[in-house]
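According to Swiss-Prot, the protein carries these features:
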- 79: active site, charge relay system (ACT_SITE)
- 154: active site, charge relay system (ACT_SITE)
- 178: active site, acyl-ester intermediate (ACT_SITE)
């Protein structure tokens, strides 16, 4: 049995009782990485020397009885688009292959204050643009459940590392499903918080109105502990919300009697794998036995979500990625004859194909002749999608459906057709457009591959999302299943 089969609260108890040391936990992480990393390839950069030194320092503090934070001394993996002071941050892009940040993201400051130990930085789709982690500029991460399949994306390294037992939990970011989709594919728990619940300061921006940082964990309770540590207003992020952070762990009562669940007919319709559909219906039956009731509803504008998302996200990416020009930091071409040449060649040589595709799409949508026809219209449709969610939440507590239309697909299966790749996020994207919280929890298997159940909540009501997810988790054993590597 691995130490990381224990939950956060169990590991905390073991540390308090001195049955294990923090150094033991760090050793366990690097031992497991040595054992399986060659197969999974989740990490881009390891932080071994600093992690071991910090473990010794925290062990000394623990011996003096100085710390009671539940995350104190626990190892964590960090998606490589979250800046970490003194630890290389690449966004899985060659344009940032040598970028060494001089400051920590706010979430890193909060995790460091809680006493977590950063094991390393995790692979992802370049600049978080992708659904399979095949767009990384450096390496291919594989799904621990089937090494011939993708782990999902863009936080594929984070989900794969947790599923493979390399770390007990990790941070990811979610712009259109990039936490929830890989969590579903890898059979772990992933939460996208409400937009503004977690500071984005120090998250390398893809689409600023959609991005959110969130936890990927083995259990719902672990997820709640991590969100507790990173949530809250931040003066460095004007989009972070000054709304009190409740105690998420206290919300895990197991009681969902009388809860009203909405199930959008659009989320179980055409394109959803039959095995996935049956897994979700079985999960709803479990929730019914626990005292909840569900009804079918409609989110009529969901069918426009994919087009809306790719117009808006690509437009924001076009502006955000303009800063990577070879002038201040990162890659700079050696082949330029003049300044304009340097800009063009640096970006052409430094960015991968998918990033270039989205920059071009966004630049086109924002251009003067097409702004009203595309970007402005997409913003109006986004408002309609938000309104659909608001209308449903007037009558229901949560919305439930599958996280993804299918289980994990094979490596290389969708790379030649961007549209089929984009379709994989069709069930997660509306949540980002609406800015509401959503979690993916394991709810079954299709041909030995995990299936995710998506539970969507009202703005800043992560507590109810967690309560429902935890009740379902405790009534089943899917979260206890582990891949064999």
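Glycine is no exception: its Cβ is also placed from the backbone N, Cα and C atoms.
Shown on the structure are the features that Swiss-Prot records.
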residue: 79; record: active site, charge relay system; DSSP (3 states): strand
residue: 154; record: active site, charge relay system; DSSP (3 states): coil
residue: 178; record: active site, acyl-ester intermediate; DSSP (3 states): coil
Taking only same-chain residues 6+ apart in sequence, whose CB is under 8 Å from that of residue 154 (active site, charge relay system), what do you get? 124, 125, 128, 129, 130, 131, 133, 135, 172, 173, 175, 178, 182
Sequence-distant neighbours of residue 79 (active site, charge relay system) in its chain (C-beta under 8 A, six or more apart): 121, 122, 124, 155, 157, 158, 170, 171, 172, 173
